[in-house]
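Have a look at the structure below before the remarks.
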Amino acid sequence: MQGGLRAVFSHGNVLKDAVLRHMRVVPPAMRSLMFARQESASAARIEEHGFESTTISDILKAKGKSADGSWLWCTTEDSVYDAVKSMTQHNVGALVVVKPGEQKSLAGIITERDYLRKIIIQGRSSKSTKVGDIMTEENKLITVTPDTKVLKAMQLMTDNRIRHIPVINEGGMIGMVSIGDVVRAVVNEHRDELNRLNAYIQGGY
């Protein structure tokens, strides 16, 4: 996965290099005319719509009703057994923990590592142990806000080896995004940037 993500990051430079090489083969007179015609309007538009403009808020809007990530939640009162069962069913390695009856109030996170270290190794019962007894506390939880750039979110997720990250604002948790959501957004940004550069060269702006 990390190799694939590095390829995504480097892809933008490859695209821009290709565009610059294409520009160098344009006759000088035509190139000068092109820039004279487009310089003022195009520069402003490329700045406005440039690369790295997508935010977490954009991802949540695209996800629609599934943005809340409710299938990745459990409460402090749930049993560890039920939490691990939910992880297995949804093929995830962690669940966000909320307080009972307060779905926007974060309490912490429970991970496969918590289960292994605090249940299996210690010989405790997962059915009689509550999630709140073994979860990682809220102050250790990694989050983003709606205004966070997708590349920043990707960096947080890859650096900390997590696949899902809660989105919070002043009112509490408003959604969840996955590493897949973030990667798709970055790839789409690269594609849109290439289209804008091509349009710039061809006089589309």
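The backbone N, Cα and C atoms fix where each Cβ goes, and this holds for glycine too.
As recorded in TrEMBL, the features of this protein are as follows:
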- 67-126: domain 'CBS' (DOMAIN)
- 135-193: domain 'CBS' (DOMAIN)
DSSP-derived helix, strand and coil totals, residue by residue, for the domain 'CBS' (135-193):
28 helix, 17 strand, 14 coil
Provide the three-state DSSP residue tally for the domain 'CBS' (67-126): helix first, then strand, then coil.
25 helix, 20 strand, 15 coil
Mean pLDDT across the domain 'CBS' (135-193), rounded to an integer, is what?
86
